[in-house]
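So that you can see what the record holds, here are the features copied from TrEMBL:
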| type | residues | note |
| --- | --- | --- |
| DOMAIN | 31-160 | domain 'Casparian strip membrane protein' |
| REGION | 1-23 | region 'Disordered' |
| TRANSMEM | 38-57 | transmembrane segment |
| TRANSMEM | 69-91 | transmembrane segment |
| TRANSMEM | 103-132 | transmembrane segment |
| TRANSMEM | 152-173 | transmembrane segment |
Amino acid sequence: MSGPAVHPVDAPPPTTEAAPPRIRMKDVQGMSGTTGALFLRLCQFAFAAISLCVMATTSDFPSVTAFRYLVGAVGLQSIWSLSLALTDVYALMVRRSFRNSGVVSLFAIGDGITSTLTFAAACASAGITVLIGNDLDKCNLNHCTRFMSATAIAFLCWFAVSPSFLLNFWSLASR
């Protein structure tokens with residue numbers, strides 16, 4: 001009777017090397033601490049500051065609550081965006097990105113709150129400008145073009161904040 005033929009196999013020598021280092025997620029442009037994030041923050045700040053200045057230079061914006069809300073929302077947005085632009089400049093100077101989940105969650109929550117406030121204020125102001133301009137036909141008595149310009153720029157500010165929020169939230173969720 002014949003049996004199966006077994007050929008001995010040499011075991012590989014044991015290695016004393018350490019485990020390979022963990023690979024971190026690549027920084028996507030627009031996440032905190034990148035040049036894309038700095039560009040987005042500067043755009044957010046510029047749009048919020050322009051909207052604030054255009055609305056604040058009119059004499060009759062305090063008479064409408066939605067316009068006061070817009071001034072408050074874009075004022076908060078400009079402070080938030082300028083603060084985070086400075087942190088992005090610091091991160092770029094020291095050549096590090098933000099990886100601490102607490103910091104990234106603060107940025108994501110702050111972006112979510114300020115973007116929601118800016119969007120709500122822009123929508124409310126847009127409704128009032130349509131009411132004044134189209135329904136009441138009182139544009140010749142008010143600063144309708146300034147109100148409309150400030151509202152449109154506030155929407156542009158919201159468009160610039162949205163990618164920052166989504167990328168920070170994605171970075172937080174992918175941990």
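Cβ atoms here come from the backbone N, Cα and C positions, even for glycine.
Those TrEMBL annotations? Automatic predictions, nothing curated.
Secondary structure counts, DSSP: the domain 'Casparian strip membrane protein' (31-160) has 106 helix, 1 strand, 23 coil. Tertiary proximity for the transmembrane segment (103-132) is limited to same-chain residues at least six positions away from its ends with a CB under 8 Å from its CB atoms, namely 32, 48, 64, 66-67, 69-70, 72-74, 76-77, 80-81, 84, 138-139, 142, 144, 147-148, 150-151, 154-155, 157-158, 161-162, 164-165, 168-169, 171-172.
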